[in-house]
Amino acid sequence: MVASRAIGSLRRFTASQTLRCPGYICRNFTRSSALLTRTHINYGVKGDVAVIRINSPNSKVNTLGQELHSEFIEVMNEVWSSSQIRSAVLISSKPGCFIAGADINMLSACTTSQEVTQISQEAQRTFEKLEKSTKPIVAAINGTCLGGGLELAISCQYRIATKDKKTVLGAPEVLLGILPGAGGTQRLPKMVGVPAAFDMMLTGRGIRADKAKKMGLVDQLVEPLGPGLKPPEERTIEYLEEVAVTFAKGLADKKISPKRDKGLVEKLTSYAMSIPFVRQQIYKKVEEKVRKQTKGLYPAPLKIIDVVKTGIEQGSDAGYLSESQKFGELAMTKESKALMGLYRGQTLCKKNKFGAPQKEVKHLAILGAGLMGAGIAQVSVDKHLKTILKDASLPALGRGQQQVFKGLNDKVRKKALTSFERDSLFSNLTGQLDYQGFEKADMVIEAVFEELSLKHKVLKEVEAVIPDHCVFASNTSALPISEIAAVSKRPEKVIGMHYFSPVDKMQLLEIITTEKTSKDSTASAVEVGLKQGKVIIVVKDGPGFYTTRCLAPMMSEVLRILQEGVGPKKLDSLTTSFGFPVGAATLMDEVGMDVAKHVAENLGKIFGERFAGGNLDVLKQMISKGFLGRKSGKGFYVYQEGVKNRNVNSDTESILASLKIPSRPDISSDEDIQYRLVTRFVNEAVLCLQEGILATPAEGDIGAVFGLGFPPCLGGPFRFVDLYGAQKVVDRLRKYEAIYGKQFTPCQLLIDHASSPNKKFFQ
């Protein structure tokens, strides 16, 4: 679902030229304009098997766009019309990617649902021809096979896949707010059964090749090859092609049957699905679960259920028509535009726009073996980075090392790693109490307590032992990097790398640069973050940077709303029903009252009244009683091991009651409470762009969604302003400003967008 890049190029032939390659039984290629202009696909013939190679130019992946689709139709028509060809193999020339899905830019360019429906119907017709082909077609899958790529593969008569970690099959369209639009909603249930098909399409979950084989999604597996005269990726593709050609010949000769024998469980499932009452119960249960999980905020899952149901109950023709129509409708929804915008932003934030650093970071050192330090260590050794984990305390160091091992061992339990791979990765970690080995470090990341004097102390100690090229990064969430760098002998090598907890699960990394930070230091930080698998935003230095600065005023409003008498459970319900993955009161417990108070006091001193809201005495009293949040077992809720339905902490309710403030009925409806929270967040985000803290709106959206849990269905604060309307946001702010003053005063950039309706953050 992203753009693509070529590894090879198409050869041109005159009418008399033939393709002569080892292992080929060749045929003549006539010169034609279609052949000469083909850039995404080329093919040759091995015996009587056409080997069709997909290799889109200028990208690491193949995507199904208009050009590739047109070329594919041309090639298949040649294959079907040739008497010398009895079968075909579809394979990608790109290592690690079969087809990553449809080109979402093609969908974004459409202005009506009818245009999108037409694209769907064209793809449906093409894949129907594949499905009904009298010449067997084998899909040889190596790497990602997603979305339209999967729909293409399941239209073929046979599928062979490499048993490699990079080979993943899936239908992730729901994550973009759409549904499989090239026949996937109709073929997938028939191939793997309705329950498994629903699971794939409603979650967007990727399926590994070995599991795909058990499900019936793949017919045969091929072991990847190791290094030889050629790189392992190249050897694997060549071997996969050889195996696929053999199976294609076997299918054409009727020596291999494309029909797979179903196991007992599959037979029982098929029988159960033949009973109307059972089917209706399954539809009902799945729909109930979807409504509960999505809270009605995402239309795509319910449409997927509807389309699958139509195909099963009314037949394939009705199913395909419903699929194409619903595909068109969904592509025009605000939710889909928001999710596609996030996808594009995520793609941009996975690139190093600062170029390659002068020296690759091969040796990493981390100061502090606490929750954050150990988390950073885990995502580093996990990616084969040699890592030193240092702490001043032996027990703390032991806990940190154990946390890293546990994280790796969890992957063994989930069969993502073998025990040998776990031990090999863990061997990249060295735990120590001193600075031995720091003279080889290419980067040091400090993750010590949020206290400026302590950070100054470790910075001075580190600079006494590290080499000149070494970058010093601070994992601070709010302390200005320029203040940390004030004691540095080399401020150009000091940078901020703000990770989010838990580090192994949170995708975002916020990198903070000062006026003195060099471009090379930034490039090094981005390179390390990308190795760790992070989505990266780069922001300028300032109090709270971007993420903490946006979250702080919203948390201040949370505190005020709680003081006004809205209970934690009610507030959580209001925020999750708006699209936040975690309720506001629960989020406070996750952050911790001590951290929340520390940030609120520091940023409050700097930003003044704009960051005011609830009374910090609430937090102070909670801290004094040990109610720090989840980490202490009590916060707004009481936390017990294994208990999902948490009770509200009655002692905290008493504190809130003692500090209760009157609510205003005109701004205290459920909707007003939701918008009081969201507008403070959005206004601060736009102000960060106005002040140059943020470089782009896209990075602002990515930071808010992946770091702070801003509702994905809204696309981030900037996409929200575009889709909801800047004027409506300003009107909301003015309404609350009349009561609370500067805390809700809209920033100038937001006012500018409101006064010019055509002015958008995303054109």
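Yeah, the Cβs are placed from backbone N, Cα and C, and that goes for glycine too.
The annotation transit peptide is assigned in Swiss-Prot to 1-36.
What Swiss-Prot records for LYS60 (among others) is N6-succinyllysine, and it gives similarity to another entry as the kind of evidence.
Long-range neighbours of GLU151 (site 'Important for long-chain enoyl-CoA hydratase activity') (same chain, six or more residues apart, CB within less than 8 Å of its CB): ALA123, PHE127, ALA171, PRO180, ALA182, GLY183, GLY184, ARG187. According to DSSP, GLU151 (site 'Important for long-chain enoyl-CoA hydratase activity') is assigned to a helical segment. What Swiss-Prot lists as site 'Important for long-chain enoyl-CoA hydratase activity' is GLU151 (among others), and the listing cites similarity to another entry.
In the three-state DSSP reading, GLU173 (site 'Important for long-chain enoyl-CoA hydratase activity') counts as helix. The local packing around GLU173 (site 'Important for long-chain enoyl-CoA hydratase activity'), expressed as other Cβ atoms within 10 Å of its Cβ over all shown chains, amounts to 30. The site 'Important for long-chain enoyl-CoA hydratase activity' annotation in Swiss-Prot covers GLU173 (among others) and is backed by similarity to another entry.
Taking all protein chains in view, 16 other C-beta atoms sit within 10 angstroms of the C-beta of SER316 (phosphoserine). Secondary structure at SER316 (phosphoserine), taken from DSSP and collapsed to helix, strand or coil, is helix. Among the features that Swiss-Prot reports, phosphoserine is placed at SER316 (among others).
Under the three-state DSSP scheme, LYS326 (N6-succinyllysine) falls in the helix class. Residues annotated as N6-succinyllysine in Swiss-Prot: LYS326 (among others).
Feature annotation from Swiss-Prot assigns N6-acetyllysine to LYS334 (among others); the stated evidence is similarity to another entry. LYS334 (N6-acetyllysine) counts 17 other C-beta atoms within 10 Å of its own C-beta, drawing on all protein chains shown.
Shown in sequence order, ALA369, ALA374 are the residues of the chain, 6+ apart in sequence, with a C-beta less than 8 angstroms from the C-beta of ARG399 (omega-N-methylarginine). Taken from Swiss-Prot, the feature omega-N-methylarginine covers ARG399.
The DSSP secondary structure for LYS411 (N6-acetyllysine) is helix. Its Cβ taken as reference, LYS411 (N6-acetyllysine) is surrounded by 16 other Cβ atoms within 10 Å in the chains shown. Marked as N6-acetyllysine by Swiss-Prot on the basis of similarity to another entry: LYS411 (among others).
In this structure, HIS498 (site 'Important for hydroxyacyl-coenzyme A dehydrogenase activity') is part of a beta strand by DSSP. Under a cutoff of 8 A between CB atoms, and with a sequence separation of 6+ in the same chain, the neighbours of HIS498 (site 'Important for hydroxyacyl-coenzyme A dehydrogenase activity') are ASN475, THR476, SER477, LEU509, GLU510, ILE511, ILE512, PHE545, THR547, THR548. Among the features that Swiss-Prot reports, site 'Important for hydroxyacyl-coenzyme A dehydrogenase activity' is placed at HIS498, with the record citing similarity to another entry.
Taken from Swiss-Prot, the feature active site, for hydroxyacyl-coenzyme A dehydrogenase activity covers GLU510, and the record attributes it to similarity to another entry. There are 26 other Cβ atoms within 10 Å of the Cβ belonging to GLU510 (active site, for hydroxyacyl-coenzyme A dehydrogenase activity).
Positions annotated as N6-acetyllysine by Swiss-Prot, on the basis of similarity to another entry: LYS540 (among others). Under DSSP, LYS540 (N6-acetyllysine) is assigned to a strand (E or B) in the three-state scheme. Other Cβ atoms within 10 Å of the Cβ of LYS540 (N6-acetyllysine), summed over all protein chains shown, number 18.
In sequence order, ALA585, VAL648 are the residues near LYS569 (N6-succinyllysine), counting only same-chain partners six or more apart with C-beta under 8 A. If you look up Swiss-Prot, you'll see LYS569 (among others) marked as N6-succinyllysine.
LYS644 (N6-succinyllysine) falls outside any helix or strand according to DSSP and counts as coil. Cβ neighbours within 10 Å of LYS644 (N6-succinyllysine), excluding its own Cβ and spanning all shown chains: 5. Marked as N6-succinyllysine by Swiss-Prot: LYS644 (among others).
SER650 (phosphoserine) has a Cβ environment of 8 other Cβ atoms inside 10 Å. As annotated by Swiss-Prot, phosphoserine applies to SER650 (among others), with the evidence given as similarity to another entry.
Cβ neighbours within 10 Å of LYS735 (N6-acetyllysine), excluding its own Cβ and spanning all shown chains: 16. Per Swiss-Prot, N6-acetyllysine is recorded for LYS735 (among others).
Ranked by Cα separation from LYS334 (N6-acetyllysine), the recorded positions LYS60, GLU173, SER316, LYS735 are led by GLU173. Closest in space to LYS540 (N6-acetyllysine), of the modified residues given as LYS60, SER316, LYS411, is LYS60, taking the CA atom of each residue. Of all the modified residues in the record (LYS60, SER316, LYS411, LYS644, SER650), the one with the smallest CA separation from SER756 (phosphoserine) is LYS60. Neighbours of SER756 (phosphoserine), defined as other CB atoms within 10 A of its CB across all chains, total 11. In space, LYS411 is the closest of the modified residues SER316, LYS411, SER650 to LYS60 (N6-succinyllysine), judged by Cα positions. Nearest to LYS326 (N6-succinyllysine) in space, judged by Cα atoms and limited to the recorded positions GLU173, SER316, LYS411, SER650, LYS735, is GLU173.
Note on proximity: of the recorded positions GLU173, LYS411, LYS644, SER650, LYS735, the one nearest SER316 (phosphoserine) is GLU173, by Cα distance. Considering other CB atoms within 10 Å as the measure, the emptiest surroundings among the modified residues LYS60, LYS326 are those of LYS60. Here the C-alpha separation of LYS411 (N6-acetyllysine) and SER650 (phosphoserine) works out to 39 Å.
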